[in-house]
């Protein structure tokens, strides 16, 4: 669609023709450029070692047609950085850098794009990623929701609070809470937005391991009943679940909420921990994602992208499907 400057989530959806494109897998693309992220900090390690690669990946997704860039802060947490011997000031500076790199990439790309009257791009929004508590633990619990009896509402809010404050102050256009595995953490995120009087929009995305429920076993109705009470949360959805779950989940969410629905599944590939390699999936072909994107939009999704193991070519296929639609 490529016209004008969007200043809100709703506007970028409208300018994209009713369904906006979110970027794709970050760690996958960093590794393709030679980054070594075999570390508890995962892709956030590049904020310390290879920030130029982060900016490069953002540019690649913009060129592919992304209307929303998600920052490299998914696994970037103050406790995580402190465990590496960094100070609180250094940790907060790295969190800020995750947004700054995305904003710089977006502004540079947009300045070049708008110089060409025939360009087909929108000015992207920058979403500051806030990974779940389980992502920080790096023990897979973002896919189980089992945090243990000592992790209550207040602990989750305390864990997320300062990171949220820093990311908002860094100049993000919106907040993206990602791979939330249970109702309790969704409630913590929602209450934090209210307590901190956050003025930018946000989305909350759950993971799902069965295509039916949250990883905790709670129904999505239970989870969305909480989120529907907040006008701070503008969109809800699913990330990092297999593509074959998505269409039914969009329909389920459409019955449970009036908020915009955002989906960015993984490639469908499965990690073989014993062989330490990805097993191929029948869902992971970019041409299939082009077909999926059309079906997901028709089912009610307003924002569509990719998560782990998707690439700029995946996002280009999604963008092509969505933006060629009359």
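Here the Cβ of each residue, glycine as well, is placed from N, Cα and C on the backbone.
Positions annotated as domain 'Hcy-binding' by TrEMBL: 8-322.
If you draw a 10 Å sphere around the CB of residue 307 (Zn(2+) binding site), it holds 28 other CB atoms from the protein chains shown. Taken from TrEMBL, the feature Zn(2+) binding site applies to 240, 307, 308.
Each of 25, 179, 239, 241, 264, 265, 266, 267, 306, 309, 310 belongs to the same chain as 240, 307, 308, is absent from that list, and has a C-beta within 8 angstroms of the C-beta centroid marking the Zn(2+) site.
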